[in-house]
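Student: Here it is, the structure in full.
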Amino acid sequence: MNVTIALLLAQDGLSNGVIYALLAISILLVFLITRVLLVPQGEFVVLAALTMVQLQKGAGPSVIWLLLALAVTAASMSSLRAWRTGEWRRLPAVLAFTLGAVLFGAAASATPLLTTAGAAPHFALTTMATLVLVAPLGPLLYWSAFEGIARASILTLLFAAVAVHYVLQGSMLPLFGPEGFQAEALISGRVDVGFTRVSLQLLLLCAIFVATVGALWMFIGRTIAGKILRATAVNARGARIVGIRPETSGAIAFGLASLIGAVSGVLIAPLTTLYYDSGFLLALKGFVGAVTGGLASFPLAAAGSLLIGVLEAMFSFQFSALKDSLVFAALLPILLILSTRQLSDRDTEAEE
Amino acid sequence: MSPVLFTTEFEVRYGANFAVRGVTLTVARGEITTIIGANGAGKTSLLAGLAGFERRRGLIQFDGRDISRASPEDNARAGLILVPETRDLFASMSVRDNLLLGAALGRPRLRDDTAQQLECVLTRFPPLAARQQQHAGTLSGGERQMLALGRALMGRPKLLMLDEPSLGLAPNLVQQMFKWIAALKAEGTSILLVEQNARMALTVAEHAYVMEHGQLSTRERAGRLAAQGDIAARYLGRRTRRAATVELK
Ligand SMILES: Nc1ncnc2c1ncn2[C@@H]1O[C@H](COP(=O)(O)OP(=O)(O)OP(=O)(O)O)[C@@H](O)[C@H]1O
Ligand SMILES: [Mg+2]
C-alpha cells in the first residue's frame, strides 16, 4: 500500500465513517434517554436508502406499507394504554402525529406521479419524500413496542430491540426483495488539492454531517426543548419532578434517531450496494462507535466512528475477508480500557 | 377554607412490604405542617407516594381535585412540588438551566414571567446567582440544597413538599434554611415539611404529626407536641444529631 492508495482508502473510509458516526450518535442519544440500545437504527438507514433508490427509479415506495402497519400498531397500543391507565391526556397528540405521518407519507408516495415519464425525478424531491416517509417511523416504533415497557430492565429493553430488529428486517424482504440496490450519485468527480484528489461526494457528505451534528448540538444545548430532553438523560427522576414526561422524551429521542437514520440512508445510498438485511451490521458498527465514547460522550463516539470507518477501509484493502472481524476485534480492547477506567472511577468515588 | 392536601387510607408498598399504611393527613393552606420521626419510619416513602412515585393506594385530594392516580409529572405541573431527599438535580447542567427547567413545564399561565421568577430566586439565594454558569454537580452540599429548593420555587408550588431540607448542612446553614422556609410560608406558600431535626421543625410549623413504623399519629398543634414529655424525650433529646454531620456529600 503506497501513500496515494492510502489517502484514497482513507477517503473511502471517512465516507463510511461519517455514516457510522451518525448511527453512533443516534444510538447514544436514544440509549441515554430511554436506556434502549436501538438495534433497529440500521433498519432506518437501509429503509431510507432503498426508498431513495425506488423513488429515483420512479417506482412507488414500499416503505409506505411499513409506515401504515406501524401507524395502526402505534395508535392501537397507545389507545389501549390510555384506556388501561385512565391517562388520556397524551393520546390526542399521539393520534394526531400518527395521522399526520400517514397523510404526509401517502403524499410522499405519490411523488413519482409528479415527474413526467422518462425524465429523472429531481434529487431534492426524492430526498424530501424519503425523509417524510422514514423519519416518522421512530416515534411510531416507540409507541408500538417500547413505551409500554419503558420501566423494564436494560436487558429486557435490549431483547425487545433485537426482536423489533428481526420483525422489521423480516418485513423488508417481501417489501424490497433479496436483490441489492445502489442509488445514483448526486455528484461525482474529484478536486485536486495538491497532495491528493478529494472526491466531491466526500465533501458533500462531510458538509451534511457537520450540518446535521451542528443542528442537533444547537437543539440539545441551546433550546429549552433540547434541555428538557437532556434533563431526562441526566436524571430521569429529577426530570419527572419538574414535570417532564419520560414518554414524551422517549418519543422525541426515537424521532431524532429515525430522522438522522433517514439522512444517513440518503447519504449512504449512492456509496454502497445495500440489501434488505444490511442494517444489522451498520447498527453494530454504530454501536462500536458509541462504545468508543463510553456510551456517554458524543464527540468521542463520533471520532471513534470515523476511525472505525478508516480502519475498515484499510483492512478491506489488505485482508478483505477479515474486515468485519477486525473491526469488531477492535471493540474488545476498547471495552477493556473502559471497564478499567470505570473501576478506577468507582474507587475514587468510594474514597470520597 | 378547604385544605390544600388531604389524604386518607394512604399506603405505599415495596413489593410485599408496607412502608406507609393507613395514613390520614391534612395540610392546611398557608401553613407549615411537619412530619417528624426516626430513620426508616416511612417519611420519604410517604412524600414520594404523594408526589406520584412508588406503588400507592388510597385517596389523595390536592387543591380540591382527586389526584389519587396522577403521575409525578402531572402533579408537578399542577403545583404539587417535591424537593426529594436525594435532591435529583441535573448534575451535568448549569445552575441556571436547572432553575429554568423548574419552570419549563409549569402551569402555563406562569411560564410567561419565568425571567422575573428566576430573578426572584437568585435574589433569595445569592450563592446561586454567583454560580449560574457552573454545573450543578460541582456545587457544595449547601448550595445543592439551595438549588433544589430554588428549582422547586421556579415551578410556583401551591404545596411544597420538603424532604429533610436541613440534611447534611452545617449548623449555621441549618438556621438559614429554616429562615428561608419560614419566609416562604410568610409569602403564602403551603408547606409539608419532613424533618429529623424535630426541634427546628416544630418551631416553624403550625401543625405536626409523628410517624412511626409507617403510621401517622393524630394531627397536633406543633407547640403542644413539642411540649409533650415523651416526644421531647424521644425526638428532641438527641439534639442536632443530623445537623452535626457536616456536608455529607
Ligand atoms: N426502594 C425501596 N425498596 C424497598 N424498601 C424500601 C425502599 N425505600 C425504602 N424502603 C423501606 O421502607 C421503609 C421506610 O423508608 P423511608 O426511606 O421512607 O423512611 P424515612 O422515614 O424517610 O427514613 P430516613 O429518616 O432514614 O430518611 C424502610 O424500612 C426502608 O427500608
Ligand atoms: Mg427519608
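Quick reminder: no glycine exception, Cβ is built from N, Cα and C everywhere.
No curator has checked TrEMBL annotations; they are predicted automatically.
Annotations per TrEMBL:
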TRANSMEM  A:18-38  transmembrane segment
TRANSMEM  A:58-80  transmembrane segment
TRANSMEM  A:92-114  transmembrane segment
TRANSMEM  A:120-142  transmembrane segment
TRANSMEM  A:149-168  transmembrane segment
TRANSMEM  A:198-220  transmembrane segment
TRANSMEM  A:250-275  transmembrane segment
TRANSMEM  A:287-314  transmembrane segment
TRANSMEM  A:326-344  transmembrane segment
Student: Six or more residues beyond either end and a Cβ under 8 Å away: which residues meet both conditions relative to the transmembrane segment (A:287-314)?
Tutor: 1, 6, 9-10, 12-21, 23-25, 27-29, 31-32, 37, 213, 323, 326-328, 330-331, 334-335, 338, 341
Student: Below 8 angstroms Cβ to Cβ, which residues of this chain, lying six or more residues outside the transmembrane segment (A:92-114), approach it?
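Tutor: Result: 55, 58-61, 64, 67-68, 71, 74-75, 78-79, 121, 125-126, 128-130, 132-133, 136, 139-140, 143, 251.
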Student: Using a cut-off of under 8 Å between C-beta atoms, tell me which stretch among A:18-38, A:58-80, A:149-168, A:198-220 contacts the transmembrane segment (A:250-275) the most.
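Tutor: Looking only at A:18-38, A:58-80, A:149-168, A:198-220, the most contacts with the transmembrane segment (A:250-275) come from A:18-38.
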Student: For the transmembrane segment (A:198-220) and the transmembrane segment (A:18-38), decide whether they are in contact, meaning at least 3 CB pairs lie under 8 A, counting pairs 6 or more apart in sequence.
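Tutor: Yes, these stretches are in contact.
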